[in-house]
Amino acid sequence: MKLLLILACVIACACGERYCAMKDDTGLSCRNSTASACESCFNGGDLIWHLANWNFSWSIILIIFITVLQYGRPQFSWFVYGIKMLIMWLLWPIVLALTIFNAYSEYQVSRYVMFGVSIAGAIVTFVLWIMYFVRSIQLYRRTKSWWSFNPEINAILCVSALGRSYVLPLEGVPTGVTLTLLSGNLYAEGFKIAGGMNIDNLPKYVMVALPSRTIVYTLVGKKLKASSATGWAYYVKSKAGDYSTDARTDNLSEQEKLLHMV
C-alpha cells in the first residue's frame, strides 16, 4: 500500500496539486498540502480519496463475496448458499433502480448521451429479469420443484421411485444418467437423493426437465447385488417432448405415464 501511495504521489508531483492521505478535522475533503514528504500526499480526486479511505472496507466486502461465490453450494453450506441466492435475486431490482435513478439524474443536467445509456441499461436489466421469471415458471410447470427458481439452474433431474418424485438440480444436460444404489441409498450424479431403496424400486426411466422440453432417459444397463441392495443402473436419452415429470401412478401403464402431457 505504501508503495502505491508513493507511486501515486510521484504522478501527483508531475501533475501539480497534491493532497494528504488523511482527512482534515472539519470535513470529509482531503487536506491540501505543500509538504515535501511525497509519500503522505497523492493526486486529488474522488476515486483516489474513496480508495484511500475505504480500501479496508472494500477488501472485507470482496472477501465475503469471494467466499459466497466459491462455497455457495448446497454440499458445502446451506447458509452460505442461501446468502448467495439472496444476493443473486436482489441484483436485478438493485441494478434496475440504480439505472433508473442515474437516468433521471443525467436528464436533470441535460447529459442526454448518458441518459440514453442509462435507459438502455435499465431496459436490458428489465428484460433479463423477465426472462429469468419466464424460464423459471416454465421449469416449475414441469417439475413442481422450487429448484426451478435458482438462477444458476438450467436443468433438473427427476427420478420417480417408491411412489415419490425426487429431484436434483443440474447445470447442464447430461449425455447419460447413472443411478447408484449403495446399501439401500440411491445416489444420482454423486448426490444422495433417496433412502430405503432396493433393486426392485429402480425406475425404468428418468427425466431431465428444461424450460423448453423434457428429455426422457431409458434404462439400458444395470448391475445389482440383491443381498446388499448395492449396484448401479445406466440411462441414455431416448426421446424428448412436452412431458410432465410428475407422472401419475393411478392405473396407468409405464407408457401412459411417460406420455402424460403437461
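Note that the numbers count up from 1, one per residue, in the order the chain is shown.
Even glycines carry a Cβ here, placed using N, Cα and C.
When ASN32, ASN251 are looked up in Swiss-Prot, the one carrying the note N-linked glycosylation site is ASN32; the rest have no such note there, which does not rule it out for them. Membrane topology of TYR71 relative to SER110, as recorded in Swiss-Prot: opposite sides. Taken through DSSP, the topological domain 'Virion surface' (99-112) splits into 11 helix, 0 strand, 3 coil. On the 0 to 100 pLDDT scale, the region 'Interaction with N protein' (237-252) averages 66 in this prediction. Per DSSP, the secondary structure of the topological domain 'Intravirion' (69-77) breaks down as 3 helix, 0 strand, 6 coil. Distant neighbours of the topological domain 'Intravirion' (69-77): 83-85, 191; these residues of the same chain sit at least 6 beyond its ends, with a Cβ under 8 Å from one of its Cβ atoms.
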